[in-house]
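Enquirer: My questions all concern the structure below.
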Amino acid sequence: MSNVYDILKERGYIKQLTHEEEIRELLGKEKISFYIGFDPTADSLHVGHFLQMMVMAHMQKAGHRPIALVGGGTGMIGDPTGKTDMRKMMTKEQIEHNCNCFKKQLAKIIDFSEDKAIMVNNADWLLNLNYIEFLREIGVHFSVNKMLTAECFKSRLEKGLSFLEFNYMLMQGYDFLELNRKYNCVMELGGDDQWSNILAGVDLIRRKESKSAYGMTFTLLTNSEGKKMGKTESGALWLDPEKTSPYEFYQYWRNVADADVEKCLRLITFLPMDEVRRLSSLEGAEINEAKKVLAFEVTKLIHGEEEAQKAKIAAEALFGGNAKDLGNMPTAYIDKNDLNNLLVDLLAKCEIFPSKSEARRLIKQGGLYLNDEKVTDMNLVVTEEHVTEDGIMIRRGKKNFNRIVVE
């Protein structure tokens, strides 16, 4: 068994560890069970989760067993981490639906067959907890003074932190304890914003079970300016093809800044590090070849080789003028009766933008093009004159294209 710790370290995933030497030794000697938590607040994972999926896959390839914990119980409270407002509570039915969607997406790069990975829902043990017993067994081990120093709570104290949310750390710590008892799970992994919650679980297991437990956080996927990657004009970059088409997904990675290519190749592809270094060393116009490889590899992981190939062909057709391949571009279909309406209305109706206000915002910023002409008029009406042989071409920014076909 290769030591996955060295792989994770070389590729730059690791941010913080509870016990560095012990963790390296453990991962090299034994096959362990570890877990990562997923908050089921949407019916699709997004690029922010993709990094966690990659870490799970690297660990599994090295012989360790991933446990994907879906927060069906904690999701009914909401995690205050990184939030300035309290989250909306969800129904059991919404959470269950989202859990099923997550498993399908995780299965793209994680093998759930023959117990090689499992998915569990913390609603199974949290929803039937006896409050008095929970306070006596778990609450007694948590210091309020210490909890208040955690970053996730500090930012909320000024605005007001409900007791409901204050319980989140206890529940996440209890999750780790339950997984340790049921599945001999000895390590929790998560984004660096989860550090305080992970420490709470590690400490709880050591106190309750007198056993060793470990925690590891990894870097968040940020660009060279320190901003989280995976945001587009239309919102989050989703892994669900119905929310973000494979073409849009491909184009996002094809258009990353030169300074971000090396980091993305390391963190979100399985390319060997020698190949990552070779591609990252390309300069000038040649860096575009590295971006094409990045876009293809990431799209292939999430949407499969066939969709990645289609997206690649569509992108090349657009810049090479090969109209017959434009069918792979995100395309919306409208009726002739939909013409003679405001462009912003049409864009919202075709779901090219989540709302009219988003479309107006981009027009104001000078980033929206209709048939390659910049749109400056908020009240532009789309008529038959705008319909070309290939349809109506919409461009957002420099390289994000959509097509509207009139039937």
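Using the three backbone atoms N, Cα and C, a Cβ is placed for every residue, glycine included.
Model, not experiment: these values are computed from the prediction.
I grabbed these lines from Swiss-Prot:
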BINDING   Y35, Y168, Q172  L-tyrosine binding site
MOTIF     40-49  motif ''HIGH' region'
MOTIF     228-232  motif ''KMSKS' region'
BINDING   K231  ATP binding site
DOMAIN    341-405  domain 'S4 RNA-binding'
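Could you give the neighbours, burial and distances for every feature on this list?
Expert: Reduced to three states, the DSSP call for Y168 (L-tyrosine binding site) is helix. A sphere of 10 angstroms centred on the C-beta of Y168 (L-tyrosine binding site) encloses 21 other C-beta atoms.
Within the model, the motif ''HIGH' region' (40-49) shows a mean pLDDT value of 90, rounded to a whole number.
Sequence-distant neighbours of the motif ''KMSKS' region' (228-232) (same chain, 6+ residues past either end, Cβ-Cβ under 8 Å): 46-48, 50, 220-222, 244, 248, 252, 256, 260, 264, 400.
Annotation for K231 (ATP binding site): spatial neighbours L237, criterion Cβ-Cβ under 8 Å with sequence separation of six or more. K231 (ATP binding site) carries a strand DSSP state (E or B).
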Enquirer: At a C-beta cut-off of under 8 Å, are there same-chain residues at least 6 beyond the motif ''HIGH' region' (40-49) that contact it? List them, or none.
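Expert: Here the qualifying positions are 70-72, 75, 78, 87, 90, 94-95, 97-99, 101-102, 105-106, 191, 220-221, 228-230, 236-240, 243.
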Enquirer: Determine the C-alpha span of the L-tyrosine site listed in the record, that is the greatest distance between any two of Y35, Y168, Q172, in Å to the nearest whole number.
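Expert: Taking every pair among Y35, Y168, Q172, the longest Cα gap is 17 Å.
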Enquirer: Of the residues in the motif ''HIGH' region' (40-49), how many are helix, strand and coil by DSSP?
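Expert: Per DSSP, the residues of the motif ''HIGH' region' (40-49) fall into 3 helix, 1 strand, 6 coil.
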Enquirer: DSSP on Y35 (L-tyrosine binding site), three-state: which is it?
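Expert: Where Y35 (L-tyrosine binding site) sits, the three-state DSSP reduction gives strand.
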